[in-house]
Ligand SMILES: [Mg+2]
């Protein structure tokens, strides 16, 4: 029997859903906060879930912060949260390189200091953070000195991204043994007031295009993000709920991993997007249809306090 999808979550259904899960994974941007502003009621929802005995985790594709930085941001906004509950792509990429790639060598990093820190935390050295300029003429660029210990190029969010960093990445990737890893493919980073800036997906596409290679992407919707949490905490997919604002990352991750899924409409995707996927009948798009939707996660609060 086909299970009905994309249902409005309200009334008794909220309690029923929450009673059926023991863990809840939350995306951050567009779900519990927007930029530096908490979504109204979100801290109370998270804190009440925990009081009700649920395990809560934060799963974000944003690579600009370490787990510690996320824990500090969460605490400042009134969320009861610890470092161990945060799974961002800075941390998860480091875990990926260590546990899946089993990297023996350094990383050429197009990314932030936060990524550098998470790599160092698992014992991986990097080169490349900051502007990393190259001088001379084109033939000099193509013969730029390379660190022979670099065995992977990792691409995350990098405000210093430039033609010369792209060039350096290409020179490393000309060696077919050099791995290409991306944190995520999000094309835009939504900000307050409907504004946005280019996301890591733009930088990754540039590197993939230059190197004529496809990156291995660590972030949502890749299974690895869930595995990272599930392996450490022994999560049962059938008793886990994924809450997110993006159909192509959060909801698809949930579908890929057999989780229950809840779309919140405080971020990127709209209900019309979800319905379009549902009506398309296309198997590839059905994974982007959530089980349930709410306007905001604040709607969960009455069921938790009742
Ligand atoms: Mg989001």
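Just so it is clear, glycine is given a Cβ too, placed from its N, Cα and C backbone atoms.
Copied from TrEMBL, the annotated features are:
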- 27: active site, proton donor (ACT_SITE)
- 29: active site, proton donor (ACT_SITE)
- 27, 29, 245: Mg(2+) binding site (BINDING)
- 220: substrate binding site (BINDING)
Seminar exercise, completed: A correct count of other C-beta atoms within 10 Å of the C-beta of residue 245 (Mg(2+) binding site) gives 25
For this session: Just give me the nearest neighbour of the residue listed as 'substrate binding site' among the recorded positions 27, 29, 245, Cα to Cα.
Result: 27
Exercise. If you skip the near sequence neighbours and keep only those at least six away, which residues in the chain come within under 8 angstroms of residue 29 (active site, proton donor), Cβ to Cβ?
Worked result: 35, 60, 62, 189, 190, 245, 267
Exercise. Among the recorded positions listed here, 27, 220, which has the most company in the form of other Cβ atoms within 10 Å of its Cβ?
Worked result: 220
For this session: Starting from the Mg(2+) site formed by 27, 29, 245, give every other residue of that chain whose CB sits within 8 Å of the mean position of their CB atoms, in sequence order.
Result: 28, 30, 31, 32, 60, 244, 246, 250, 264, 267, 268
Seminar exercise, completed: Simplified DSSP label at residue 245 (Mg(2+) binding site) comes out coil
Seminar exercise, completed: DSSP, reduced to three states, assigns residue 27 (active site, proton donor) to coil
